[in-house]
Amino acid sequence: MTDTVVNRWMYPGDGPLQSNDKEQLQAGWSVHPGAQTDRQRKQEELTDEEKEIINRVIARAEKMETMEQERIGRLVDRLETMRKNVAGDGVNRCILCGEQLGMLGSACVVCEDCKKNVCTKCGVETSNNRPHPVWLCKICLEQREVWKRSGAWFFKGFPKQVLPQPMPIKKTKPQQPAGEPATQEQPTPESRHPARAPARGDMEDRRAPGQKPGPDLTSAPGRGSHGPPTRRASEARMSTTTRDSEGWDHGHGGGAGDTSRSPGGEQGLRRANSVQASRPAPASMPSPAPPQPVQPGPPGGSRAAPGPGRFPEQSTEAPPSDPGYPGAVAPAREERTGPTGGFQAAPHTAGPYSQAAPARQPPPAEEEEEEANSYDSDQATTLGALEFSLLYDQDNSNLQCTIIRAKGLKPMDSNGLADPYVKLHLLPGASKSNKLRTKTLRNTRNPVWNETLQYHGITEEDMQRKTLRISVCDEDKFGHNEFIGETRFSLKKLKANQRKNFNICLERVIPMKRAGTTGSARGMALYEEEQVERIGDIEERGKILVSLMYSTQQGGLIVGIIRCVHLAAMDANGYSDPFVKLWLKPDMGKKAKHKTQIKKKTLNPEFNEEFFYDIKHSDLAKKSLDISVWDYDIGKSNDYIGGCQLGISAKGERLKHWYECLKNKDKKIERWHQLQNENHVSSD
């Protein structure tokens, strides 16, 4: 009996097979009973359902290829813009910002790639196994990023991809009644193999290096009662066509990883994006609605378009034949797909399907949030885009920054989402005194804030030398907040009283850390690499908004202390408890001194208090008004923050303010004044 069992599984001999041996092979272990031979499969014609599946796969691949080409074009355009904006020669001046280098200027480093000299602010120190530090300028760093994120590092250039032509459908499918369920339909490969839905990495790794997908798509999986032992990549792509828009949303959760680019020859880039764009829906998904009568061109599908990802404002209603679909509009830059700087986005050759496809239906409103939270094709490195606007109100010395929204932010939490907020700083001299932030929005990668943050006391001089840094961070309740990305804008490029809108990509810049207390005597909480800014030989301590008016009706001077901004931090917590002290000199006794209320733990206090001095107009010209700002401390002397003096002996804006007050009676005149670390008396 044992011999019988063993002989049952023995291979046939090398000699000629007898007729009965061939019959046993057809019914034994070599061929599954009821299976069709390859010859029988090739003689059969594909059904219309199978042709539709194939055509939809081709159409989706065309669309994803177009999206990939547009994405690469945007990366190259960004790189070219950085190259055009160079301001130095790379020898004596920084190649990027044009700052003087050498002993009298900033410290310089040499870029490892281009061998140009850059300052330490425009250079980035990269991690390397070398014993000495390796520096790269931001242009070369961006070029490496483009080379990495486009896949050109593997292909030594951008591959030109030509997809197969769609198959013509000879006959149309009869339309089923509305009440009749969609039964007896051709089962999809996904339903035939519910337990064989490989991950994205498995789909790419199963194909040997250099192997291309087979051109014969007629051998769709599952034509017999059982499929082949392993699924080819072409079959895996075709098995993903039956999912609807809901399957797209739920199939792209936070667990989606990086887009791997396996060495698959010229088709590797397309295969990775096709697999990512068409992940299979779960086997428990409900069957789609009954199909409509088929036209000469296959339907455009019912699923929603991919999420906006890195660049927002992409249309979801344009048909696949539209050359701008799915085009992402970035107002800050012009889209280009031509050859630039050695990189070229390969032109796309559309098949007949693109011209015969009907218009795509807009996705349902309830799916927009899930679509927006889905990944794009370079999800491993994208940081997202930020939309905001800037307005400088010159009359009120007010800079308004309206944070509108962000799209496609990098997921920071374990659920694939983030808790983003935006914070602003003015450079140089970033500190808590000029930090503004929005509220935090929970569990979203596409937050909409619509918040306006205002900087008061921004003069024309500040607009010429300040830079606005806008950072997007993820709030963490149980740890440190995480940095997502940032962008910077030089305020001298902003025209007064003209709102300017921006929609730009966030940059991968490490945020500056606070370096403890650089001035322990003053408790200044400054950021690393940000030195204390000085105007001439006078250290910047903040600004104060003062109003002056001589009232003829009351017969005296009315001094208004409105607010202070960007005060120096005097306490260990990085804040101050400021109040303002007024003194009309020469001494007029106790009635010459006034104090405001104390504002706790703030560097931008708002007082809105007025004080009256009973003095004749003729005597006012001989007086001077001493204004000082103090930090209130309990149990010890108050700390002096800064001050200014208005009067005939003053200079510049201070003298002008005092003169206008004397000249224009009964008229309130407001002016911003810089606080200085001048000689002062102790506060009482």
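The backbone N, Cα and C atoms fix where each Cβ goes, and this holds for glycine too.
These features come from Swiss-Prot:
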- 1-21: region 'Disordered' (REGION)
- 88-145: zinc finger (ZN_FING)
- Cys94, Cys97, Cys119, Cys122: Zn(2+) 1 binding site (BINDING)
- Cys111, Cys114, Cys137, Cys140: Zn(2+) 2 binding site (BINDING)
- 162-377: region 'Disordered' (REGION)
- 199-208: compositional bias 'Basic and acidic residues' (COMPBIAS)
- Arg223: omega-N-methylarginine (MOD_RES)
- 243-252: compositional bias 'Basic and acidic residues' (COMPBIAS)
- Ser274: phosphoserine (MOD_RES)
- 283-299: compositional bias 'Pro residues' (COMPBIAS)
- 301-310: compositional bias 'Low complexity' (COMPBIAS)
- Met412, Asp413, Asp474, Asp476, Glu482: Ca(2+) 1 binding site (BINDING)
- Asp413, Asp419, Asp474, Glu475, Asp476: Ca(2+) 2 binding site (BINDING)
- Glu529, Asp571, Asp577, Asp631, Tyr632, Asp633: Ca(2+) 3 binding site (BINDING)
- 540-673: domain 'C2 2' (DOMAIN)
- Asp571, Asp631, Asp633, Asp639: Ca(2+) 4 binding site (BINDING)
- Ser682: phosphoserine (MOD_RES)
- Ser683: phosphoserine (MOD_RES)
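Recorded features from Swiss-Prot, shown on the structure.
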residue	record	DSSP (3 states)
Cys97	Zn(2+) 1 binding site	coil
Cys114	Zn(2+) 2 binding site	coil
Cys119	Zn(2+) 1 binding site	strand
Met412	Ca(2+) 1 binding site	coil
Asp474	Ca(2+) 1 binding site	strand
Asp577	Ca(2+) 3 binding site	coil
Asp631	Ca(2+) 3 binding site	strand
Asp639	Ca(2+) 4 binding site	strand
Query: Taking Cα atoms as reference points, which of the binding-site residues Cys140, Met412, Asp474, Asp476, Asp577 is nearest to Cys119 (Zn(2+) 1 binding site)?
result: Cys140
Message: What does the DSSP secondary structure composition of the domain 'C2 2' (540-673) look like, as residue counts for helix, strand and coil?
response: 19 helix, 61 strand, 54 coil
Field: 10 Å Cα neighbourhood of Cys137 (Zn(2+) 2 binding site): matching binding-site residues from Cys122, Asp476, Asp577
entry: Cys122
- line: argmin Cα dist to Asp633 (Ca(2+) 3 binding site) over the binding-site residues Cys111, Asp413, Glu482, Asp639 returns Asp639
Message: Between Asp474, Asp571, which of the binding-site residues has its C-beta surrounded by the fewest other C-beta atoms within 10 Å?
response: Asp571
Query: Taking Cys114, Cys122, Cys137, Met412 as the binding-site residues to compare, which has the smallest set of other Cβ atoms within 10 Å?
result: Cys114
- line: Given the binding-site residues Cys94, Cys97, Cys111, Cys119, Cys140, the candidate whose Cβ has the fewest other Cβ atoms within 10 Å is Cys97
Task: Taking only the Cα atoms, work out how far Cys111 (Zn(2+) 2 binding site) lies from Cys122 (Zn(2+) 1 binding site), in Å, as a whole number.
output: 10
- line: If you tally other C-beta atoms within 10 angstroms for each of the binding-site residues Glu475, Asp476, the top scorer is Glu475
- request: Starting from the Cβ of Asp639 (Ca(2+) 4 binding site), draw a 10 Å sphere and report how many other Cβ atoms land inside it.
  value: 20
Message: Within 10 Å of its Cβ, which one of these binding-site residues (Asp413, Glu482, Asp631, Asp633) has the largest number of other Cβ atoms?
response: Asp631
Message: Spatially, which candidate from the binding-site residues Cys114, Cys140, Asp419, Asp474 is nearest to Asp639 (Ca(2+) 4 binding site), comparing Cα atoms?
response: Asp474
Field: All-chain count of other Cβ atoms within 10 Å of Tyr632 (Ca(2+) 3 binding site)
entry: 16
DSSP three-state assignment for Asp419 (Ca(2+) 2 binding site): coil
Task: Could you tally the C-beta atoms, other than its own, that fall within 10 angstroms of the C-beta of Asp419 (Ca(2+) 2 binding site)?
output: 19
